[in-house]
Amino acid sequence: MRPTMVAGNWKMNGLSGDAVHLTQAILHAGLEPMRPEVVIFPPFTLLHAVSQEAKSSALRWGGQNLFWEASGAYTGEISGAMLRDMGCRYVLIGHSERRQIFAESDAQIVQKIKAALLSGLIPVVCVGETEAERAQGLTDAVLRRQLEAVLPLLNLEASQPNLIIAYEPVWAIGTGLSASPEQAQAVHVFIRELAAAYSAQLARRLLLLYGGSVKGNNAAALFDQADIDGALVGGASLQAGEFIQICRAAESAGRGG
């Protein structure tokens, strides 16, 4: 049985006081450790504050991005080793905002995934289609293109996948819209089938998160779907009560283990 995960992407939000408040709220919520695994992705400037609060707990944290070089004259960038030095276990790669605003290509995303793996980080790789692509019936084609760049990086000699996939329909991010549980499930099945072409065993164990306006009032229905293993939460992760409600929905789904 695959574990569950709820990941909160704080994006470019919060100061140190906010980080302490949110982290403490999660820690004091009485969630059962690792069911689900709870991960937060704060801005780089808040990683230290989060790590100091969470270092003796089951709560995990990660970076929102990284550069593919280990060090050098890359002003404004951050390396995998730097994230590891801050206690990060995970890193987001290929978020739709990075793809759209910063024009990150599939090739660049592959470079970042490789750098993350070399640094001992677990990449949470984001894929998804825009509203225009969806309207043209291109969802499967877009996902196939994005994933055919990523899935060859699966370590076929490992017993567990070395990365996580987050499906984020771009049309649902920050809009209040969300794919129905059945729509999201269908896409997750498609992703798992693509992964099975590389390894049926790893595909069965591959953690697939849904990210698209996940909230406390729709999380349970999403987590009831067989191939939705958790959520990548955006705006709702900045509201302690809402985020904890999502975590409790994952906890109640009974799929941890």
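Every residue, even glycine, has its Cβ placed from backbone N, Cα and C.
Note that this is a predicted model, so its numbers are computed, not measured.
Among the candidates Ser51, Ser199, Ser213, the one that Swiss-Prot lists alongside Asn9, Trp10, Lys11, Gly174, Gly234, Gly235 as binding substrate is Ser213. Compute the center of the Cβ atoms of Asn9, Trp10, Lys11, Gly174, Ser213, Gly234, Gly235, which mark the site for substrate; besides them, the chain residues with Cβ within 8 Å of that center are Ile173, Val233, Ala236, Ser237, Leu238. For the substrate site listed in the record, the two most distant Cα atoms among Asn9, Trp10, Lys11, Gly174, Ser213, Gly234, Gly235 lie 14 Å apart.
DSSP gives Gly235 (substrate binding site) a helix state. A coil conformation is recorded for Lys11 (substrate binding site) in the three-state DSSP classification, outside any helix or strand. Of the listed binding-site residues, namely Gly174, Gly234, Gly235, the sparsest Cβ surroundings within 10 Å are found at Gly174. Sparsest Cβ environment among the recorded positions Lys11, His95 (other Cβ atoms counted within 10 Å): Lys11.
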